[in-house]
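Annotated features in TrEMBL:
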- B:26-49: transmembrane segment (TRANSMEM)
- B:76-282: domain 'ABC transmembrane type-1' (DOMAIN)
- B:80-100: transmembrane segment (TRANSMEM)
- B:112-136: transmembrane segment (TRANSMEM)
- B:156-180: transmembrane segment (TRANSMEM)
- B:216-234: transmembrane segment (TRANSMEM)
- B:263-285: transmembrane segment (TRANSMEM)
- B:334-358: transmembrane segment (TRANSMEM)
- B:389-588: domain 'ABC transmembrane type-1' (DOMAIN)
- B:390-415: transmembrane segment (TRANSMEM)
- B:427-449: transmembrane segment (TRANSMEM)
- B:461-480: transmembrane segment (TRANSMEM)
- B:501-523: transmembrane segment (TRANSMEM)
- B:560-584: transmembrane segment (TRANSMEM)
Amino acid sequence: MSEVSEGVQAMDRAMDRAMDGAATGGEVELDGLTKKYGTVEAVRGISLNIRRGEFLAILGPSGAGKTTLLNMLTGFEKPTSGAIRINGRDVARLAPHKRGIGVVFQHYALFKHMTVAQNVGFPLRMRGMSMREQRSHIQHALELVKLEGFAARFPDRLSGGQQQRVALARAIVFRPALLLMDEPLGALDKRLREHMRVEIKRLQRNLGATVIYVTHDQNEALTMADRVAVMNDGVVEQLGTPDDLYERPASAFVADFVGETNFFTGRAVLDADGRIRVVLDGDRPEHRREVENAASLRPGSGVEVGVRPEEVSLLPPEHAEHDQAPAVLGTVSDVLYEGATALHVVETPIGDLSARLSLKNLRETRWAVGDRVAVHWDARAARGYPAADRAS
Amino acid sequence: MSVDSSPVQVTGGLATRSRGRPDRRWLTLVPLLAVLILLFVVPLGTLLADSFGGGQGFTLDNYREQVTSPVFWRAIRRTLVIAALSTVICVVLGYCMAYALTRMPKRLRGVLLVVVLVPYFTSILIRSYAWIAILAPNGLVAGTLKLLGVDSPPELVFNQTGMLIGTVQILLPLALLPIYSVMSGIDRAPVRAAQSLGAAPAVAHWHVYRPATSSAVLAAAALVFISTLGFYVTPALLGGPGDTLIAQSILVRFSNLVDPAGAAAQAALLLLIVLSLFTVLFRYLAPSLAVEPSGDARPARRADRGERFDALRALRARVLDTGLGLAGRLRLPILVGSWVAGAALLVTPLVVVAIWSFSDATYLTFPPEEYSTRWFADYFADTAWLDSTFLSLAVASASAAIGVVIGGLGAFGLVRGPRRARPPIAILVAMPMIMPPMIYSLGFFLLVAPQGLVGTPLGLILPYVVLGLPFAVSITAAALRNLDVRLENAARSLGAGPMSVLRHVLLPALRPALVSGFVFAFLAAFDDVVVATFMSGPTAVTLPLRMFQDIKLEVSPRTAVVAVVLLGAGAAAVLLRFVMAWLVRTIRVALSRLGDS
Ligand SMILES: Nc1ncnc2c1ncn2[C@@H]1O[C@H](COP(=O)(O)OP(=O)(O)OP(=O)(O)O)[C@@H](O)[C@H]1O
Ligand SMILES: [Mg+2]
């Protein structure tokens, strides 16, 4: 018993010596970070703060600058301008090996000629830890990723998911204050990906590490992250909690990229009551619709209105003039059965739109192709964006 | 034929081949094996037989005589030392240069590869000769040093220094190219991972990048070492009178001392050294010889060996740390320096030869005091030189053509034929490439001298076919391995017979490989001095042999002229190919335009 606790204490002392005592999550501050490749601006003046122990996902389409941003954090690219502070210390000019950041690479980047244990022990060895001291840390890290029995194997004798976990163990074994992951689950199949999400999340909570997690996959971002930064074209379009992002997208781009959205074009008008409403192209001119986010619209200018498919309901056509929110009449042109839901494509004067109806809704009335329907949505579910807003 | 449901009908599609003729593709191996056995294995057998007394009954006297001769041991020791030194220099320099190549922009990489490849394809004889002009007492280096005020420059040639410089220059591409080809396929992500885990760049290189190159480095080392063991031309031209290496020692025994049996015994001992090295290093060499490796070419994996050596390990780590720290700080100078040294080493001889060919002098002064084209005029007016040129062209073309046909067929048999026969045949095919030419030539001479083949073109062509075969086979086999076998099967299933498959599927796909196989086989023959030393006669002197003898007689610009003529012809051939391709394209476009209007 005492032997064990002594061992643990010795391990912690060794760790603290090696890691400057940085045991838990670091605070990261990006300040006007910019990277230019020739004339291409891959990252354009990004400023954001990441809190101690936070899980931040960076979500964005291909070419958005995610990897470039990560490479500046790890030190493989020098910023053209701007600062990176980790726990208040500017690291922008520090060499990669002096930053003490744990990185999980997209294709794991394991050392093929080393065993799992040697892979995981590498950062410890680089910190001058003796073999004896390394052993317990390696053991502990492998336990965390549930690979206890695999220490003596070589990486090419492991499955994709196991390799991924070795990469993870290697990145956390030296208890970095900051853990970066560039699409760490990109190469795994769907089930394994979902399993690993839970594992990574659990690990992060146990370690209390700050994590920056780059992904293409919005589900990954929304389910794992405390906050998500949506990147596009070198800038952060929106930084917020997953529900912020989904329910209150700040731009048409975010609305489009995160989840699905029906977009309608229209024009903002200033009503007699001093409120800004929207007339949709193709709609009856007397239908002046209320939208969320109306304050950002300029009267007379073009507008895009986004409505999520699950916010759209379909009613029999006789309900067209229903309450205060006017309906649009249309014809069902396609029904795609999805299991728990069914996606209905409807042709209307304001454009084609989709409505995702739950089976519960459908129990009363089922719609078939060719049916006339009245399309409704709640005014609080429609968000307006200035038309020039969208970059792509 | 009734189309009912008999089981044969059901599997008919799959059974076509086995139901038709049995697989006879192995037959294409027959010419290759016949040539290798008759013209390669049998000569080596003759050599061994003669070394043990030949027809006069078994004796070990020949060996006893060599083994007790201090001169022989000195030659062996000298050879091993030179081979070890050139191996270390070539591999270290080649490693740095190859690594630098992978880290530079594409455009520059292309240019620098040409800097490596042009000398690589230039005759060894010409490159060795150029070093005389550079290193001799009134050559380039001495001249430059004199300008700088150094009056008694060091002696750089006709000694072991000159020999070493020449050998390194000639074998550097042989080390650099295989290392580069492996390096260019290495993923850099693990190196970055190592850095992110706390390894300084040089440390990450050492622990993560270098292990991925170790097989290639060993292969390069083995190639350079084995090649140096058999070197003849370079040491003969650049070494001093007392600096004989083992290959020269064999020839001296044979021609000066007129002791063929003694020469055979020396050759057999060298053969023993080469074969043991080859056996030990085979698994690393296999990929560079385009032989299918029989096992895993990776270095043996060492498991964790416990903690007992912690102290020793710590010391080693300390030393390594210091070294890597230094290497890390001097990274850029090391890489740039390797290219400055390497490029100077590779290119200077070619430039010097080009300038020297326009010298007016009859002896060696470099740079020339006066320029003229008299040596060109001299060459084109000299029937003996022209005859030799044509003889060499004819002999090399004939042997390369034969080699490509036999080798191409053999490659097909090797790749598509019975799997179990592959490794032994592949090894046999690779043998002539690593065999010191002095051993082989002596064996071949001993075999055919009684038949009156010496001094005839056929006597040259036959051994040249053997020297060219490894190139023809390995290049074609590599191309065949990349060619989808389903293409052939599809053609067969569509009703093509073997000949149509060959004409319509194989030949078009393999043409580039066959062409480069021809070029390599041609150069192997066209570059040869050693076989010619044995097989030339008064009426049949090959061009390299004539040059070699001319240089040994007096160092004049004549060989430089030949070199420039050959290099010019080579460049013209390459240029002509591009011009022809361009012409054909232009004419096609013009014709299609005509057709349209
Ligand atoms: N070394 C480079 N030289 C020039 N341009 C580059 C370089 N690296 C990236 N870029 C450009 O910078 C932009 C951002 O690239 P980056 O790799 O950061 O995108 P990403 O968001 O990681 O995309 P993906 O999801 O496809 O990995 C792209 O337009 C890319 O073409
Ligand atoms: Mg990327």
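Glycine residues also receive a Cβ, built from the backbone N, Cα and C atoms like all the rest.
Note: TrEMBL annotation is automatic and uncurated.
Contact count against the transmembrane segment (B:263-285) (Cβ pairs under 8 Å) is highest for B:427-449, out of B:80-100, B:427-449, B:461-480, B:501-523, B:560-584.
Within the same chain, the transmembrane segment (B:216-234) packs against the transmembrane segment (B:112-136): three or more Cβ pairs sit under 8 Å, each pair at least 6 residues apart. The transmembrane segment (B:427-449) makes contact with the transmembrane segment (B:26-49): 3 or more of their CB pairs lie within 8 A, with pairs spaced 6 or more apart in sequence. Sequence-remote contacts of a segment are chain residues at least 6 beyond its ends whose Cβ falls under 8 Å from one of its Cβ atoms, and for the transmembrane segment (B:156-180) they are 78, 82, 85-86, 89-91, 93-95, 97-98, 101-102, 116-117, 119-120, 124, 127-128, 131-132, 135-136, 139, 141-142, 213, 216-217, 219-221, 223-224, 227-228, 231, 234-235, 237-241, 243, 245, 287-288, 342, 345-346, 349.
Take the transmembrane segment (B:112-136) and the stretches B:26-49, B:390-415, B:461-480, B:560-584: counting Cβ pairs under 8 Å, B:560-584 has the most. Segment contact is absent for the transmembrane segment (B:334-358) and the transmembrane segment (B:461-480), given fewer than three CB pairs below 8 angstroms at sequence separation of 6 or more. Here the transmembrane segment (B:26-49) has long-range neighbours at 264, 267-268, 271, 406-407, 409-410, 412-414, 417-418, 421, 425, 428-429, 431-432, 439-440, 442-444, 446-447, 462-463, 465-466, 469, 473, meaning same-chain residues at least 6 beyond its ends whose C-beta is under 8 angstroms from one of its own. When Cβ-Cβ distances below 8 Å are used as the criterion, the transmembrane segment (B:461-480) is approached by residues 32, 35-36, 39-40, 289-291, 395-396, 398-400, 402-404, 406-408, 410-412, 414-416, 429-433, 437, 440-441, 444, 448, 453, 509-510, 512-514, 516-518, 520-522, 524-525, 528, 531, 535 of the same chain, each at least six residues removed from its ends.
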